[in-house]
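**Student:** Before we start, here is the structure in question, set down as structure tokens.
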Amino acid sequence: MGKVIVVTSGKGGVGKTTSTAALGAALAQRNEKVAVVDFDVGLRNLDLVMGAERRVVYDLVNVINGDAKLPQALIRDKRLDTLFLLPASQTRDKDALTEEGVERVIGELKRYFDWVICDSPAGIEKGATLAMRHADVAVVVTNPEVSSVRDSDRIIGMLDSKTLKAENGERMEKHLLLTRYDSLRAERGDMLKVDDVLEILSIPLLGIIPESTDVLKASNLGAPVTLSDARSAPAQAYFEAARRLAGEIVPVTVPGEKRGIFGKLFGRKAA
Amino acid sequence: MSILRLFTRSARRSAPAARERLQVLLAHERASTGSDLTAILREEILAVIAKHVQLDGDRVTVKVDRDENVSILEIDVEIPLDAARAA
């Protein structure tokens, strides 16, 4: 059975879709079968970031309603054989998602794939709660910025109360993915530092993605950054995060930070 | 010439690609508000086939490729030898 990951944040625009695509492509490059699922019904964008927007035929709502079977709706990535996309519907609204329907689709995906990565919509309403409902692991995407950290805290609370795991009394595994991090500004004291965010949210760190022009370039081209420019700093950070998700112990480094500081960071607990 | 080409390739920008992708995508999305022609054709073609053949969801592949000026709708239906009798 595959693992179900929800990529969530509460706040919009912090990098959920970018991170879903990048982590999905990074895991697929390890030769594991990956499905990325867009839960943002009505405002889909994962197809665009993955470069599959011209090929969408059926979507998540079609599969839930039985208009299409799951294999018909899955779009295979043109670059990676083991990477698949299940797009969201663009013409329906979030009420088209039903709890039973989502449960059935996720259950089916888990049988075929090693990883099912659910890209949550922003907000705390139905789309977001259904995206996290069946997750085994949550990746909380946060920017080093006050409103993002506050919304992440709210989402962590929901992960601990509104998911199936939480309702069954199990512990929900949660990881922090800090995106758009600028170590120079943090060093100068103009941006929250990694440790500040970790102390406030107190969940383990999955990775630090540096602020980078490579991320926008990748979305311009319609390729996950871990595919379009695998050697770039954000891609390297996503590859490391993917290895940690897969259970490897990889020490966390702050991208772009001076060498002398690495020693200090070595002691930091990885996810 | 080849050196020049190498140079222009390395200097190729991503924004024009983004612009073109958006123009194609939005042209299709704006044109299909309310009625998506490829979706209508897909449903009606499959309905016609279903009149004669027992359609099995696992044996039907539908692909779409939306290009700048045309969309390609590709429907692959596996028709087993005994399908006509079964329907």
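Just so you know, glycine gets a Cβ as well, placed from its N, Cα and C.
So TrEMBL lists these for the protein:
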{"type": "BINDING", "residues": "A:LYS11, A:GLY12, A:GLY13, A:VAL14, A:GLY15, A:LYS16, A:THR17, A:THR18", "note": "ATP binding site"}
{"type": "DOMAIN", "residues": "A:5-224", "note": "domain 'CobQ/CobB/MinD/ParA nucleotide binding'"}
**Student:** Considering the binding-site residues A:GLY12, A:GLY15, which residue's Cβ sits among the greatest number of other Cβ atoms within 10 Å?
**Tutor:** A:GLY15
**Student:** Taking DSSP as the reference, which of helix, strand or coil describes A:LYS16 (ATP binding site)?
**Tutor:** helix
**Student:** Who sits close to A:THR17 (ATP binding site): which same-chain residues at least 6 apart have their Cβ under 8 Å from its Cβ?
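**Tutor:** In sequence order, A:ASP38, A:ASP40, A:ASN45, A:LEU46, A:VAL49, A:ASP119 meet the Cβ cut-off.
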**Student:** Which residues, in sequence order, are found in the same chain with Cβ within 8 Å of the centroid defined by the Cβ atoms of A:LYS11, A:GLY12, A:GLY13, A:VAL14, A:GLY15, A:LYS16, A:THR17, A:THR18 at the ATP site, excluding those residues themselves?
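**Tutor:** Other same-chain residues with Cβ inside the cutoff are A:SER9, A:SER19, A:ALA122, A:VAL141, A:THR179.
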**Student:** Fewest other C-beta atoms within 10 angstroms of its own C-beta: which of the binding-site residues A:LYS11, A:LYS16 fits that?
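**Tutor:** Selected from the binding-site residues A:LYS11, A:LYS16 on minimum Cβ neighbours within 10 Å: A:LYS11.
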**Student:** What three-state class does DSSP give A:LYS11 (ATP binding site)?
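**Tutor:** Looking at the DSSP assignment, A:LYS11 (ATP binding site) belongs to neither helix nor strand, so coil.
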**Student:** For A:THR18 (ATP binding site), write down the residues of its own chain that are at least 6 apart in sequence and whose Cβ falls under 8 Å from its Cβ; none is a fine answer.
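**Tutor:** Those within reach of A:THR18 (ATP binding site), by Cβ under 8 Å and sequence separation of 6 or more, are A:VAL49, A:THR179, A:VAL215, A:ALA218, A:SER219, A:VAL225.
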**Student:** Residues with Cβ closer than 8 Å to the Cβ of A:VAL14 (ATP binding site), same chain and 6+ apart in sequence?
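**Tutor:** Long-range Cβ contacts: A:VAL141, A:THR142, A:ASN143, A:SER148, A:THR179, A:ARG180.
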**Student:** Applying a 10 Å Cβ distance cut-off over all chains shown, what neighbour count does A:GLY13 (ATP binding site) have?
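**Tutor:** So the number of other Cβ atoms within 10 Å of A:GLY13 (ATP binding site) is 11.
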